[in-house]
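Student: Handing you this structure, nothing more for now.
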Amino acid sequence: MPTLVNYSGDDELYLGGSLCTAGSNIDVYYPPSKRARINAPFIYGSIHSEQNQIQKPTIEVLPNECLFEIFRRLPSSRERSFCACVSKRWLYLTSSICKAEICKSENPTSSDVEMTSAGEDQDIEGDGYLTRCLEGKKATDVRLAAIAVGTSGRGGLGKLSIRGSNSVRGVSNIGLSAVAHGCPSLRSLSLWNVSSIGDEGLSAIARGCHMLEKLDLCQSSSISNKSLIAIAEGCPNLTTLNIESCTKIGNEGLQAISKSCPKLQCISIKDCPLVGDHGVSSLLSSASNLSRVKLQSLNITDFSLAVIGHYGKEVTNMVLSGLPNVSERGFWAMGVAQGLEKLVSLTVTSCRGVTDASIGAIGRGCWNLKQMCLRKCCFVSDGGLVEFANAAGSLESLQLEECNRITQSGIIGAVSNFKTKLKSLSLVKCTGIKDIGCEVSMLSPCKSLRSLSIKNCPGFGSGSLAMMGKLCPQLQNVDLTGLYGITDAGFLPLLENCKAGLVSVNLTGCWNLTDNIISALAQLHGETLEVLNIEGCRKITDASLAAIAHYCLSLSDLDVSKCAITDAGLAILSGARQLSLQVLSLSGCINVSNQSVPFLTKLGKTLFGLNLKKCISISSSSIELLIENLWRCDILA
C-alpha cells in the first residue's frame with residue numbers, strides 16, 4: 001500500500017510480475033511462473049503452442065466495462081490497490097471508481113471477513129487527514145491516479161498540492177479527474193503553475209469533492225470562469241479562495257462564488273486583469289463571514305473600496321497593494337463609511353490614493369485598528385501621520401517603509417500622540433528622516449512602546465536616536481540595523497533612559513560604535529539582555545567580550561561576526577561561569593584561529609548553534625574536531 005502511494009520510480013508500477021506491451025498501447029501483467037516439469041519426449045512444436053496458450057492473458061481481452069464491474073466488486077481497497085499495480089490501464093480503471101459505485105457485499109463470506117479484519121489492511125473511513133504534494137517532475141497523471149487509489153482506504157486524502165508539472169508527461173485533466181473520483185474527502189487543493197489543467201479537471205473536482213474548503217490557483221492560465229462557477233455550485237463549504245495570475249478568471253466567476261458560498265472567510269486576488277469592480281464588490285457585499293481580504297495589482301476603482309468600507313463589518317485583516325486606479329477619494333470613502341468596525345490589521349503598499357486626508361479618515365473610521373503598515377506610500381507626510389496617530393486610539397503596531405515624505409518631526413509628533421497604546425514602531429528605508437534639532441521636553445513620552453526598529457534609514461543619526469530614547473523610556477527591543485551614522489554619544493542616552501531593561505539589541509552595520517558603548521550596554525542592561533547582535537561593528541574588540549562575560553547574566557544569543565575579536569576574547573568569554581550561550585556567531589572573524597578550539601569546546605557545553613563561516617584562520621581539521629566534540633551543536637563552517 002505505501003509502495004503505491006509514495007513510490008518514487010518510473011510511472012510503470014510492478015508487483016511481483018512483469019509488464020510488457022501487447023498490441024499498441026495495452027500494458028499486460030504476467031504473473032511469475034515456475035519452469036514446467038516435462039516427462040514426455042520433447043516435441044518442440046507442441047510445447048511451443050502450449051506455452052503460447054498458457055501465456056495468453058485472457059483477462060486482458062475483457063473490455064474496460066467488464067474490468068470496471070470486477071474492480072468495483074472487490075471486497076476492500078487493499079484488493080483494488082493490488083489491481084492498480086498491474087498496469088496503467090488497471091490503475092486508471094480503479095482510479096475511476098467513485099466511492100458510491102463500490103459494491104459492498106450484504107452477506108460476506110468467511111474468507112472476506114478474515115481478509116477485511118486483518119489489522120492494518122482494514123479500510124479506514126476517514127475525514128481526509130492525509131496530505132500529498134507533487135512538485136516538478138513528480139507531478140504526473142500516474143502519480144495522481146495512484147494517490148487516488150491508495151489513499152481511499154487509509155483515511156482519505158484531505159490536502160493536495162501540485163506545483164509545476166512534468167514537461168513530458170505532466171499533470172492533466174485526467175489525473176485531476178482521478179482525484180475527483182477517488183478522494184471525496186478532499187478539503188484543500190492548490191494548483192501552482194499547472195497550465196495543462198483546465199476547466200474539465202477542476203469541474204470534475206467540483207462534482208466529486210463537495211467537502212472542498214480551500215482552493216488555491218496560481219498561474220493557472222487554462223482555468224476560466226467556468227471552473228469557478230462549477231466550484232460555486234458543487235462546493236458550498238468553500239471558506240478560502242486564492243487566485244493569482246489567472247488571466248481567464250474574471251467578474252463572472254467571482255459573482256458565482258459570492259452567491260453560492262456563504263461560508264467564505266478568506267479571499268486573495270492578485271494580478272488578474274479581468275477582475276474588476278463588479279466581481280470584487282459582489283464578493284464583499286454578499287460574503288457576510290468574510291474576515292480576511294487581499295487585493296493586489298487589480299483594475300478596481302474607488303467604488304470597490306467604498307463597498308469594502310460599507311459591507312466589511314466582519315473583516316479583521318486586509319491587504320491592499322498596487323491599486324493604481326484607486327484615488328484618494330476611494331481610501332477616504334472606505335474610512336468615512338465606518339463599516340470596518342472589526343478591522344485589526346491593515347497593510348497598504350504602493351497605492352497613490354493614500355494621502356494625508358485619506359489616512360486620517362481611516363484612523364477615524366477604523367477605531368479597533370491595532371496594526372498599520374504603509375509601504376511606498378509617497379504622498380503621506382508628517383501632518384497625515386500625526387492626524388492618524390491622534391485618531392487611531394487602539395493602534396499597537398506601526399510600520400512605515402519607504403515613506404519618504406515623513407521626517408523626524410512627524411515621527412516625534414506621532415510617537416508623543418500615541419501615549420498609552422503603541423507597543424511597536426518600525427521604520428524601514430525612510431530617507432526623509434534627517435537629524436534636526438528638536439526640543440522634546442514639552443512632549444509627552446510614549447510609555448507603552450516596547451519595540452523600536454529603525455532599519456537602513458541613512459539620515460537617522462545620533463540626534464534622532466537620543467530624542468527617541470527620551471520619548472520611549474520603556475523600550476525592551478531595539479533594532480538599529482544599517483544606521484552607520486549613530487555614535488556612542490547618540491546611543492548612550494537611549495541606554496540610560498530605558499528603565500525596563502533591554503532584552504534584545506541589534507546593532508548590525510553600526511560601524512561607528514566602539515567598545516565603550518558595548519561596555520555601557522552590558523553594565524546597564526546585563527541582567528535582562530538575552531540577544532545581542534553587533535555584526536559588522538568593526539571597532540568592537542576583545543574588551544567588549546570581557547564586559548559581556550562579566551555583566552551579562554541572561555545572554556543566550558551573541559553575534560560578533562566581522563568584529564575585531566581574537567582568541568583572547570573567546571578565552572575570557574569561555575571563563576564566564578554565569579554565561580550560558582546557546583547561539584554564537586563568529587562569521588568573518590579572521591583573527592580567530594586554531595588556538596580558540598579549547599575555548600569553543602568549553603562554550604559548546606551549552607551551545608546549540610555555532611557559526612564559523614569565513615573564519616579563515618581556523619583549519620578544517622580543527623573544524624572536524626569541534627564537530628566531533630560538540631555533537632549536540634549545529635556547526636556552520
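Using N, Cα and C of the backbone, Cβ positions are placed for all residues, glycine too.
Predicted automatically and left uncurated, TrEMBL annotations should be read as such.
Dumping what TrEMBL says about this protein:
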| type | residues | note |
| --- | --- | --- |
| DOMAIN | 59-95 | domain 'F-box' |
| DOMAIN | 165-388 | domain 'F-box/LRR-repeat protein 15-like leucin rich repeat' |
| DOMAIN | 502-629 | domain 'F-box/LRR-repeat protein 15-like leucin rich repeat' |
Student: What does DSSP give as the helix, strand and coil breakdown of the domain 'F-box/LRR-repeat protein 15-like leucin rich repeat' (502-629)?
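Tutor: Taking each residue of the domain 'F-box/LRR-repeat protein 15-like leucin rich repeat' (502-629) in turn, the totals are 49 helix, 15 strand, 64 coil.
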Student: Averaged over the whole of the domain 'F-box/LRR-repeat protein 15-like leucin rich repeat' (165-388), what is the pLDDT?
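Tutor: It averages 94.
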Student: What are the DSSP helix, strand and coil residue counts for the domain 'F-box' (59-95)?
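Tutor: Secondary-structure breakdown of the domain 'F-box' (59-95): 28 helix, 0 strand, 9 coil.
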